[in-house]
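**Student:** Below you will find the structure I want to go over with you.
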Amino acid sequence: HLTFFNPLFKQMKHVQDRFGDSVREEVLLLCLGITSGIGRLIFGRVADYIPGVKKVYLQVTSFFCIGLMSMMIPVCYVFGGLVAVCLLMGLFDGCFICIMAPIAFELVGAQDVSQAIGFLLGLMSIPMTVGPPVAGLLHDRLGTYDVAFYLAGIPPLIGGAILCIIPWVHERHKLKERAKTADGETTEKMLENESALVSDAAEKPGKEMESGV
């Protein structure tokens with residue numbers, strides 16, 4: 001989320017530096033907010049049709065798109081281009097927000113989902129807090145926010161690539177659990193059979209003695 005909050009806080013200043021007072025920079029915030037709401041409605045519905053942990057791939061798509069859109073901001077020299085970038089960024093931010101809880105539910109289960117979301121939000125607070133001051137420091141040193149936007153696009157791309165292996169890891173974990181369960185059931189059946197054989201063997205001598213008497 002470092003990618004999203006850097007543009008959110010610094011884009012207004014970037015627009016003033018590049019376009020001056022000839023444009024209304026608040027339009028960009030309006031675009032972000034509107035498409036973020038639309039994205040939550042659209043991708044929330046789409047996620048209903050994606051089974052299990054495969055919802056992670058929606059998250060991967062949102063990360064890639066947000067990262068790329070952040071990197072596109074410095075190369076937009078037409079205000080209409082910035083509007084298009086903000087529309088897409090808001091749309092996929094809505095995707096990120098709406099499927100965060102369902103993915104956590106699929107990965108850790110109902111009992112631990114609240115703890116998982118709290119842990120995730122706690123981690124997000126670090127880049128959200130550090131990102132804007134770092135971007136401001138880079139602007140003071142370099143005189144532009146371009147480098148800050150480029151750097152802000154890198155973490156989501158890396159994070160999206162790492163997220164791609166989550167379904168595979170989760171599936172392997174489930175297979176191991178199933179194997180352990182199957183082994184446990186097999187062991188229980190074997191112990192039951194052995195106890196049954198022992199009890200049968202103990203009963204046979206008694207029956208033989210009774211028949212002999």
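Cβ atoms are placed via backbone N, Cα and C, with glycine included.
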**Student:** Labelled region 'Disordered' by TrEMBL, one stretch among 172-192, 193-213. Can you tell me which?
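**Tutor:** Of 172-192, 193-213, TrEMBL gives region 'Disordered' for 193-213.
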**Student:** Assess whether the transmembrane segment (147-169) lies in contact with the transmembrane segment (56-75), where contact requires at least three Cβ pairs under 8 Å among residues 6 or more apart in sequence.
**Tutor:** yes
